[in-house]
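Engineer: According to Swiss-Prot, the feature dUMP binding site maps to Arg26, Arg131, Arg132, Arg178, Ser179, Ala180, Asp181, Asn189, His219, Ile220, Tyr221, an assignment based on sequence analysis. The feature (6R)-5,10-methylene-5,6,7,8-tetrahydrofolate binding site is assigned by Swiss-Prot to His56, Asp181, Ala275. Annotation comment: Swiss-Prot describes Cys151 as active site, nucleophile, evidence class sequence analysis.
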Amino acid sequence: MTRPIRHQYEDLMRLVATQGAFKADRTGTGTKSVFGHQMRFDLNEGFPLVTTKKVHLKSIIQELLWFLTGSSSNHWLTERGVTIWNEWARADGDLGPVYGVQWRSWPTPDGGHIDQIAEVIKTLKTNPDSRRIIVSAWNVADLDKMALMPCHALFQFYVAPATEAGGKGKLSCQLYQRSADIFLGVPFNIASYALLTHMVAQQCDLDVGDFIWTGGDCHIYSNHQEQVALQLGRAPFAYPLLHIRRKPDSIFDYQFEDFEFLDYQHHPAIKAPVAV
């Protein structure tokens, strides 16, 4: 089957580049920004990996696996050749109670902890119609302890019932990203949560539906404008296909080698500085 060529991401990039308002920002770099945007990706049409530049799949996969360990240590990533968190890591490699800590070990007032990911899997298996299948990384009490406050802050799962007898439900995921670095960050975020949706669907014996990305402050940094212009001059290809080689015993048992991306056609990588 011929896969369609989608360009939601490039459309957002073009919108911000042409209509964004000039704003100052925390890093002192300066941005062009729009507020509020949504993209919907049908995961049955292909895996939404940006094709107008090469995206570093190893970093995306390993970062997601790191989140799922619940670790706060950058050493876990650097030991696997991933350096995307180096700019924020403290001298001892610790990053504070960032994404994985909140996902797996949200602290409660009585001294306990909540494993939000385990709760998601449990609820999807026992009560898939629930409207409370949500994971939040935005823990207000912990924000000042984090090396970087969560950009992708909250996500929710939704199961559409099977349309025929004996069929499977379809799992969709919606992410709210309060701060969206369009050039560097968003391609990673789309792919990361699309991958997580596939993994959760496999663990819960569901088919995949849509991944919906909702952005708050959607911005292009002033020192990314040349790179954005180059990328917008390229024609996108069809998205690749994802093959998960095995079904592990739990959502926490996946390994890097479990994921294979087929027919990933892409333009060359484009380097750009990260705003810290």
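Glycine is treated like the rest: Cβ placed from N, Cα and C.
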Engineer: To the nearest whole angstrom, what is the C-alpha distance linking Tyr221 (dUMP binding site) and His56 ((6R)-5,10-methylene-5,6,7,8-tetrahydrofolate binding site)?
Structural biologist: 20
Engineer: When a 10 Å sphere is centred on the Cβ of His56 ((6R)-5,10-methylene-5,6,7,8-tetrahydrofolate binding site), how many other Cβ atoms does it contain?
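Structural biologist: So the number of other Cβ atoms within 10 Å of His56 ((6R)-5,10-methylene-5,6,7,8-tetrahydrofolate binding site) is 14.
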Engineer: Quick one: pull the CA-CA distance for Cys151 (active site, nucleophile) versus Ser179 (dUMP binding site), whole Å only.
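Structural biologist: Between the Cα atoms of Cys151 (active site, nucleophile) and Ser179 (dUMP binding site), the distance comes to 5 Å.
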Engineer: Looking only at C-alpha atoms, tell me how far His56 ((6R)-5,10-methylene-5,6,7,8-tetrahydrofolate binding site) is from Arg26 (dUMP binding site), rounded to the nearest Å.
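Structural biologist: The Cα atom of His56 ((6R)-5,10-methylene-5,6,7,8-tetrahydrofolate binding site) is 26 Å away from the Cα atom of Arg26 (dUMP binding site).
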Engineer: Could you give the Cα-Cα distance between His219 (dUMP binding site) and Ala275 ((6R)-5,10-methylene-5,6,7,8-tetrahydrofolate binding site), in whole Å?
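Structural biologist: So the alpha carbons of His219 (dUMP binding site) and Ala275 ((6R)-5,10-methylene-5,6,7,8-tetrahydrofolate binding site) sit roughly 12 Å from each other.
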Engineer: Which chain-mates of Asp181 (dUMP binding site) that are at least 6 residues away have a CB under 8 A from its CB, listed by sequence?
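Structural biologist: For Asp181 (dUMP binding site), the qualifying residues are Cys151, His219, Tyr221, Ala275.
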Engineer: Hey, does DSSP put Arg26 (dUMP binding site) in a helix, a strand, or just coil?
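Structural biologist: Coil, per DSSP.
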Engineer: Using a 10 Å cut-off on CB atoms, tell me which of the binding-site residues Arg132, Ser179, His219, Ala275 is the least crowded.
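Structural biologist: Checked Arg132, Ser179, His219, Ala275; of these binding-site residues, fewest Cβ neighbours within 10 Å: Arg132.
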Engineer: According to DSSP, does Tyr221 (dUMP binding site) fall in a helix, a strand, or coil?
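Structural biologist: Once the DSSP labels are grouped into three classes, Tyr221 (dUMP binding site) ends up as strand.
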